[in-house]
């Protein structure tokens with residue numbers, strides 16, 4: 001009998017060939033894009049000559065503090081399911097800003113804080129959608145390998161190229177400065193907890209706080225006596241040793257300098273890709289923070305009173321003039337615009353990009369709302385005022401609090417593994433633009449890293465306010481990547497196509513003005 005091939009088999013073979021072709025095309029696109037990030041001598045993001053890159057070897061580094069594999073958990077053909085895509089976007093945006101959301105709500109007022117989180121989430125989502133669509137509005141050019149800075153260069157020339165680099169560096173360096181301040185904070189509290197535990201020392205900080213097992217403190221109320229080293233010792237076998245420890249283990253005067261010995265050598269590595277293996281710690285840290293917030297709220301209870309516009313000894317008004325401080329933090333909290341194209345281009349079903357991006361933003365906003373609202377509502381007022389909520393809400397728990405100690409350990413280790421990745425990305429973007437090489441010499445790299453580390457040490461020493469740093473850097477880089485560039489590109493493309501309408505023009509001009517007002521307000525309030 002003649003050999004017979006069923007039509008279904010033919011279709012199956014054709015489908016397999018098409019999938020293989022799509023896989024090779026996707027890999028080639030990744031090779032092309034990542035080869036532009038490094039010099040030919042730097043093999044960190046370049047595939048070996050004898051093999052194509054495995055889908056799980058490509059990483060995205062977010063200025064918010066998360067590093068992850070773009071194609072991990074793929075379907076075997078270099079594509080992600082919608083669930084994986086949504087999780088990666090959520091994981092990327094969940095950064096250090098979550099620690100300052102309760103403080104931001106306090107600055108804005110409880111009711112206005114909730115409204116602003118919702119409105120900023122919607123606004124940044126819309127601008128992010130414009131970023132995703134931006135390269136598709138360029139006619140007659142293959143933009144499949146382009147990122148958003150390439151689109152900016154197409155529309156605005158060298159100005160777009162260099163300005164996007166500038167604002168990208170602002171977000172990266174700002175994130176690294178925040179990391180240094182937080183790592184100094186976490187290392188100080190961790191060291192203090194370990195020292196007191198090992199030497200069986202019972203110490204209480206000279207700061208107002210609640211009594212009982214679920215103690216909450218108000219460090220800002222002791223501004224005349226900096227809380228980092230002001231303490232009273234109840235029992236100790238060696239008073240001199242304790243005083244010596246307090247002198248050499250100071251949150252702002254000594255600990256920020258100790259970190260240099262560990263992190264500066266790591267920044268000078270040619271390829272710190274090893275640290276990307278610890279990206280799961282970012283997810284674990286956020287999940288644990290949500291767990292910590294839930295447990296603390298269950299033990300402390302809810303403490304809310306509504307005073308719409310008047311001041312109170314223990315509660316803040318529902319609407320406050322300081323609300324731009326929250327919008328500045330939220331601009332960075334929802335910032336993913338410089339890498340969203342990379343995240344979505346590996347989505348298996350491209351027609352679901354808008355839906356998946358919207359779901360991810362919804363989950364991010366829900367996480368911020370949950371942590372911010374629960375911390376604010378459960379903060380014990382009275383006896384403490386809501387004004388005591390710190391820019392890093394973990395500072396409202398004493399160093400001997402076990403759950404907070406575990407959170408600080410998680411975050412400290414996660415940040416120490418992500419910090420070299422952020423430094424590597426800053427080196428790639430800056431040195432490649434000026435010298436055409438990501439590692440021109442040890443001297444060039446060392447000078448850049450010393451400058452970045454010096455900025456972090458200076459801030460940890462003289463301005464250890466992560467809420468302020470986040471809102472300044474967020475409003476600055478957000479002005480370009482969130483508000484101005486996406487809106488201008490849309491208006492220009494629609495005008496060239498003859499499809500620009502007056503309502504669309506007015507809406508996008510209004511968005512630009514909002515971004516500008518957001519930046520200006522950070523320096524006025």
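Using N, Cα and C of the backbone, Cβ positions are placed for all residues, glycine too.
Taken from TrEMBL, the feature domain 'Amino acid transporter transmembrane' applies to 81-192 (among others). Summarised by DSSP class, the composition of the domain 'Amino acid transporter transmembrane' (81-192) is 97 helix, 0 strand, 15 coil.
The domain 'Amino acid transporter transmembrane' annotation in TrEMBL covers 251-521 (among others).
The transmembrane segment feature in TrEMBL is assigned to 83-103 (among others). The list of residues near the transmembrane segment (83-103) in space but at least 6 beyond its ends in sequence, with Cβ under 8 angstroms from a Cβ of it, reads 60, 62-66, 68, 70, 72-74, 117, 175, 178-179, 182, 279, 282-283, 286, 289, 329-330, 332-336, 339-340, 343-344, 346-347, 356-357, 359-361, 363-364, 367-368, 371-372, 375-376, 379, 389-394, 466-467, 470, 474.
Here TrEMBL flags 109-129 (among others) as transmembrane segment.
What TrEMBL records for 162-182 (among others) is transmembrane segment. Distant neighbours of the transmembrane segment (162-182): 63-65, 95-96, 99, 148-149, 152-153, 156, 256, 259, 332, 335, 338, 392, 411, 415, 418-419, 422-423, 425-426, 429-430, 433, 452-453, 455-457, 459-460, 464-466, 469-470, 472-474, 476-477, 479-481, 485; these residues of the same chain sit at least 6 beyond its ends, with a Cβ under 8 Å from one of its Cβ atoms.
The annotation transmembrane segment is assigned in TrEMBL to 255-271 (among others).
What TrEMBL lists as transmembrane segment is 278-302 (among others).
The transmembrane segment annotation in TrEMBL covers 322-344 (among others).
Annotated transmembrane segment per TrEMBL: 356-377 (among others), in sequence order.
Positions annotated as transmembrane segment by TrEMBL: 402-422 (among others).
Taken from TrEMBL, the feature transmembrane segment covers 442-463 (among others).
Annotated transmembrane segment per TrEMBL: 469-492 (among others), in sequence order.
What TrEMBL records for 504-524 (among others) is transmembrane segment.
Three or more CB pairs closer than 8 A are found between the transmembrane segment (469-492) and the transmembrane segment (322-344), so contact between the two stretches is assigned (pairs 6 or more residues apart). Long-range contacts of the transmembrane segment (356-377) within the same chain: residues 82, 85-87, 89-90, 93-94, 97-98, 101-102, 104-106, 110, 113-114, 117-118, 121, 124-125, 128-129, 132, 286, 289-290, 293-294, 296-297, 302-304, 330, 333-334, 340, 344, 347, 386, 389, 393, each at least 6 residues beyond the stretch ends and with a Cβ under 8 Å from a Cβ of the stretch. Residues 61, 63, 65-67, 172, 175-176, 179-180, 182-183, 185-187, 189-190, 193, 262-263, 266-267, 269, 272-273, 275-276, 278-279, 281-282, 284-285, 288-289, 292, 295-296, 394 of the same chain, all 6+ positions outside the transmembrane segment (402-422), place their C-beta atoms under 8 angstroms from a C-beta of that stretch. Across 278-302, 322-344, 442-463, stretch 442-463 shows the highest tally of CB pairs under 8 A with the transmembrane segment (255-271).
Residues 65-69, 91, 94, 98, 214, 216, 367, 370-371, 374-375, 377-380, 397, 403-404, 406-407, 410-411, 413-414, 417-418 of the same chain lie 6 or more positions beyond the ends of the transmembrane segment (278-302) yet place their CB under 8 Å from a CB of it.
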